[in-house]
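Please read the structure below before turning to the comments.
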Amino acid sequence: MENKKTKLTLSGIAKKSIENIELAKTQSKNSVVIEKKPSKFAPRSSFTRPASVRSKPAVSTTSSFPPRTASVPKPASPITNDYEKRKLAEQRATRRLKGDTGKPETKKRELKLTVSRALSDEIEARSRSMASLKRAKLKENRELTKEEIQESLKPVKRDVNIPEAITVRELSNRMAEQSSNVIKHLFGMGVTVTINQTLAADTAEYLVKEFGHNPIRETKAEEIIQKIKESRSENLKNRPPIVTVMGHVDHGKTSVLDVLRSANVVSGEFGGITQHIGAYQIQHESNKLTFIDTPGHAAFTEMRARGSKLTDVVVLVVAADDGVKPQTIESIKHAKAANVPIVVAINKCDLPEADPQKIKNQLLEYELIAEDLSGDTLMVEISAKNKKNLDKLVESIVLQAEILDLKTDFESKATGIVLESKIDIGRGAVATVVVTSGTIKKGDFFVSGLKWGKVRALINDKGENVNEAPPSMPVEILGINGAAKSGDDFIVLDSEKEAKTLSQNRAEESKTGGSPLTFATQDSAFADKSAAELNIIVKSDVHGSAEAIKSAINQITHDEVKPKIILSDIGMVTETDVTLAKASNAALIAFNVKPSKEAKKLAENEKIVISSYNIIYEVLDYIKLRMSGLLAPDVQEKIIGTAQILEIFKVSGTGKVAGSKVTEGEITSGASARVVRDGAIIYTGKISTIFREKDQAKQVSNGQECGITLKDFIDFQKNDTIEAFSTTTTDRTV
């Protein structure tokens with residue numbers, strides 16, 4: 001084949017002429033040689049400007065360089081410049097990254113001449129286009145058999161975890177189903193719900209089966225604790241008693257605690273001791289005792305509300321020179337409410353004005369009878385200052401513990417109670433836990449309230465790292481994922497997955513709140529809440545009046561709310577009563593009595609209302625009023641207009657607009673509205689704007705067409721129904 005030569009002239013790019021390019025085809029079909037023809041103008045470097053001549057020199061028409069031919073390539077001159085060497089190395093590295101091996105390829109695309117390929121020295125590697133990938137995917141799908149296509153269209157059966165309470169939205173997400181389909185299915189069963197409605201576990205399990213999935217019931221914390229108790233062996237061992245020291249702030253409670261700790265140091269077991277946490281252990285002969293500081297009133301009330309029985313013995317400190325004080329009485333009430341035995345320590349017996357017998361007589365009013373008065377309450381006369389009879393006090397505690405016969409399993413999964421929790425810089429969340437059963441070990445996974453974690457470190461009351469914590473031992477635990485609450489339970493579980501799942505379930509249940517919807521409540525869109533309780537504290541002048549008020553209040557009955565008298569006593573309203581009312585959120589009633597100055601001041605600071613009456617009927621009316629405040633209001637709904645969506649439009653600056661026709665009543669801008677699709681309510685909110693022939697309107701009547709926009713909703717579909725309605729709220733009474 002003869003050599004052929006083709007000329008290609010490119011010009012007009014960026015208003016600059018481009019030199020002629022000569023293409024020479026060699027004998028090989030796949031080789032193309034691109035050359036630049038020599039310019040008929042000499043380069044600028046060939047011009048000379050004499051110094052004596054000011055005018056422009058004549059331009060030479062001959063080229064100063066001879067034309068290069070394709071057949072005789074000019075040998076490359078050696079590169080001596082560092083910059084050129086570095087640039088050449090970068091170009092070679094770029095070609096290697098792009099996969100350019102220097103070998104000629106036979107792709108048709110590379111034979112196509114373009115301007116960029118003509119002017120550049122490198123040929124960039126091209127990646128596969130999206131269109132090419134799409135064509136390959138379609139070709140692959142066409143090759144599938146009919147059976148394979150049907151198999152791919154089958155619904156996926158999933159394992160769905162079901163907690164005790166779950167919202168419709170969350171259940172739909174776990175099943176990977178549309179919320180509207182779930183709501184529609186419930187509506188077909190006669191249950192009207194919203195997307196945020198809470199469903200009971202039984203209802204959710206039924207729905208999961210209806211949609212063809214596999215329901216998995218998640219274990220409740222109570223069931224886990226019960227399994228732990230059932231798995232405990234019969235080889236029970238005695239555990240140290242957990243003792244709480246309570247009393248009035250000026251009666252030497254702190255001094256007794258300090259002396260007990262210092263006595264333990266003198267025993268020679270440790271060279272020094274520092275209380276790092278709010279609880280500690282002491283050694284008395286062969287017995288260990290765990291002491292915890294008096295918790296705050298709110299924390300103690302919270303523990304009682306949770307039904308936890310952390311304290312085994314209460315040591316009540318009473319000053320022999322001062323007698324029974326309000327906080328002393330409060331401590332007695334808390335201990336009796338928790339059904340915990342009391343050991344009385346009559347302190348400051350070294351003072352001349354001390355009268356221990358007077359203290360014993362005062363305690364008779366609160367059913368604390370000393371042994372020398374033919375009672376069963378252990379009372380010890382001590383002096384924290386002189387360290388008098390402290391051994392007798394400890395012996396009395398040990399004796400009371402022996403009577404209680406405190407035993408537990410040391411080898412089972414550990415459980416405990418959180419005393420306090422804090423966020424420590426450098427250590428993160430730290431929880432102080434007292435172990436009630438089992439043994440906590442490093443590496444254990446656990447759940448505490450709504451939190452979970454892995455035990456990274458165990459620190460005892462002396463600041464020492466330990467590997468395990470047996471029953472009744474107080475420890476600081478590092479590794480929790482957040483600050484737990486005082487009174488939260490502490491449960492060791494088998495795995496991280498189990499701990500995380502239980503924590504998430506508890507968090508989900510706390511967020512949903514209220515009673516979940518079951519088929520028993522399918523007539524209402526919202527489930528009836530369990531009966532609320534109104535806590536009541538009654539203080540009266542005489543015992544007979546207190547009993548009469550208590551009896552009359554207990555006769556007030558209602559399906560949704562009930563009264564609960566947590567304290568009925570005689571005497572004026574004290575600071576103790578105000579504190580208890582705040583801790584338990586109770587109504588405080590003073591019948592024929594007045595509050596003390598201290599109680600009145602505390603009530604003002606804590607915003608606690610002290611209601612004073614002298615007629616029983618007025619008390620009952622007040623209780624009914626407070627109970628009525630706990631009832632949900634009666635909401636009456638009236639539909640004022642409906643509209644059918646005919647078309648959906650997109651308007652710039654507004655978004656999606658539902659082109660609708662009013663079929664009944666009137667549609668008013670700003671009115672409450674809901675969207676109904678296939679019988680299921682998918683949205684409830686407000687009407688934002690109404691358009692009438694591109695103008696905004698306040699109201700559209702029956703038979704007219706309009707455009708409607710809703711607040712925070714754009715998922716319109718044809719044939720949806722928009723219902724505008726009004727509600728009237730009426731307070732309910734007991």
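Easy rule for this one: first residue shown is 1, then count along the chain.
A Cβ is built for glycine as well, from the same backbone N, Cα and C atoms used for every other residue.
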Annotated region 'G3' segment (source Swiss-Prot; candidates 145-148, 217-220, 293-296) = 293-296
Given ranges 151-158, 167-174, 247-254, 327-334, the stretch to which Swiss-Prot attaches the annotation region 'G1' = 247-254
Key: Segment assigned the feature region 'G2' in Swiss-Prot (from 232-236, 272-276, 387-391)   = 272-276
Query = Out of 211-214, 347-350, 719-722, which range is noted as region 'G4' by Swiss-Prot?
reply = 347-350
Message = Just to confirm: which same-chain residues, 6+ apart in sequence, have a Cβ under 8 Å from the Cβ of C349 (GTP binding site)?
response = A320, P356, E381, I382, S383, K388
Request  = Please work out the helix, strand and coil residue numbers for the region 'G4' (347-350) from the DSSP assignment.
outcome  = 0 helix, 1 strand, 3 coil
Message = Around the C-beta of G247 (GTP binding site), how many further C-beta atoms are within 10 angstroms, looking at every protein chain?
response = 26
